[in-house]
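First the structure, then my questions, so here it is.
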Amino acid sequence: MLQVYLVRHGETQWNAERRIQGQSDSPLTAKGEQQAMQVATRAKELGITHIISSDLGRTRRTAEIIAQACGCDIIFDSRLRELNMGVLETRNIDSLTEEEENWRRQLVNGTVDGRIPEGESMQELSDRVNAALESCRDLPQGSRPLLVSHGIALGCLVSTILGLPAWAERRLRLRNCSISRVDYQESLWLASGWVVETAGDISHLDAPALDELQR
């Protein structure tokens, strides 16, 4: 059975400021660095063999801290990037016009083909993050990979494994540096393929962490 761990990046400056990041970037805060060190300690205990990360700066930094603890190299995969939020990237949520807020809410409330202008649809996001996960099946037998990605991206991935459409209402809370686990297995009692073992574990963190809807 292949076990794949999923980690959201540490808290960033724009998370704390409630600004929309998408594929734009801001650095980890001091708290985010601490969260990454705490998840790194947990990852070392899990026997991680490979670290595969989104190539955006906030995930790169989180992955670097984890890799140092685990003694692993990092593979960067752009398919693990966050949802492209188009014209709303870098904007403070509280500054959005009514029309702009409606664009953003489409992605939260489950609108088929919802899309921010110049951004991605949830289906496009789902296609690429699921392809990145599927690539883990090509790793050597006995591998235990850890993927470092983003809140909406990982939420979409876990939700689609559970059988929900990519655009379904967002009802999964994945806080900064939370750990989820998905397994690929053949089972008599569960559907064969990917199954969700855990989602959003923050027991390794010593302080409250932000979820995507609190940014």
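Glycine residues also receive a Cβ, built from the backbone N, Cα and C atoms like all the rest.
Pulled from Swiss-Prot, these are the listed features:
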type	residues	note
ACT_SITE	HIS9	active site, tele-phosphohistidine intermediate
ACT_SITE	GLU82	active site, proton donor/acceptor
BINDING	8-15, 21-22, ARG58, ARG60, 82-85, 104-105, 151-152	substrate binding site
SITE	HIS150	site 'Transition state stabilizer'
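Describe each of these features in terms of where it is and what it packs against.
Sequence-distant neighbours of HIS9 (active site, tele-phosphohistidine intermediate): residues of the same chain at least 6 apart with a C-beta under 8 Å from its C-beta are LEU28, GLY32, ALA36, SER54, ARG58, THR59, ARG61, THR62, VAL148, SER149, HIS150, ASN176, CYS177.
Proximity of GLU82 (active site, proton donor/acceptor) to non-local residues of its own chain (separation of 6 or more, Cβ distance below 8 Å) is seen for GLN21, GLY22, GLN23, SER54, LEU56, SER149, HIS150, GLY151, ILE152, ALA153, given in sequence order.
For GLY22 (substrate binding site), the number of other Cβ atoms no farther than 10 Å from its own Cβ, over all displayed protein chains, is 23.
Under DSSP, HIS150 (site 'Transition state stabilizer') is assigned to coil, being neither helix nor strand in the three-state scheme.
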Is it possible to get the count of other C-beta atoms within 10 angstroms of the C-beta of GLU11 (substrate binding site)?
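There are 26 such Cβ atoms around GLU11 (substrate binding site).
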Using DSSP, would you call TRP14 (substrate binding site) helix, strand or coil?
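In three-state terms, TRP14 (substrate binding site) counts as helix.
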